[in-house]
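Record features (TrEMBL):
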BINDING   Gly98, Glu99, Ser100, Gly101, Ser102, Gly103, Lys104, Thr105  ATP binding site
DOMAIN    5-117  domain 'Myosin motor'
TRANSMEM  34-51  transmembrane segment
Amino acid sequence: QPPQKDYDDLCGLPDLNEKTLLENLRNRFKQEKIYTYVGSILIVINPFKFLPIYNPKYVKMYDNHQLGKLEPHIYAVADVAYHAMLQRRKNQCIVISGESGSGKTQSTNFLIHHLTA
């Protein structure tokens, strides 16, 4: 069977239901694409290994870009919150949730890494 197109934003799925959502996430994960948007929400699937997508090249690439213009990434979320804070002159909040062991602490570390860079 031909490879299925994967959607980096689940809102773009032609038929949005539990089956297509999970298939899309599975297909992306197999390609080591652990980040997927649902509008402005970022879904992360913990790969339980380090991926080479957290270096200065990626920090620079996601600097001052709109969500959805580049491949989904935790740096994009951090950057959007940072620039919204500067433009609106109001505090911003990023909610990270998940089960125990899902990678919340590591995601927080990546957010802080981008913000401090």
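Glycine is no exception: its Cβ is also placed from the backbone N, Cα and C atoms.
Listed in chain order, the residues near the ATP site other than Gly98, Glu99, Ser100, Gly101, Ser102, Gly103, Lys104, Thr105 are Asn46, each with its Cβ within 8 Å of the site Cβ centroid. For the binding-site residues given as Ser100, Ser102, Thr105, the lowest number of other CB atoms within 10 Å of the residue's CB is seen at Ser100. The binding-site residues considered are Gly98, Gly101, Gly103; of these, Gly101 has the fewest other C-beta atoms within 10 angstroms of its C-beta. Annotation: Lys104 carries the greatest number of neighbouring Cβ atoms among the binding-site residues Glu99, Lys104 [cut-off 10 Å, Cβ to Cβ].
For the domain 'Myosin motor' (5-117), the DSSP counts in helix, strand and coil order read 50 helix, 9 strand, 54 coil.
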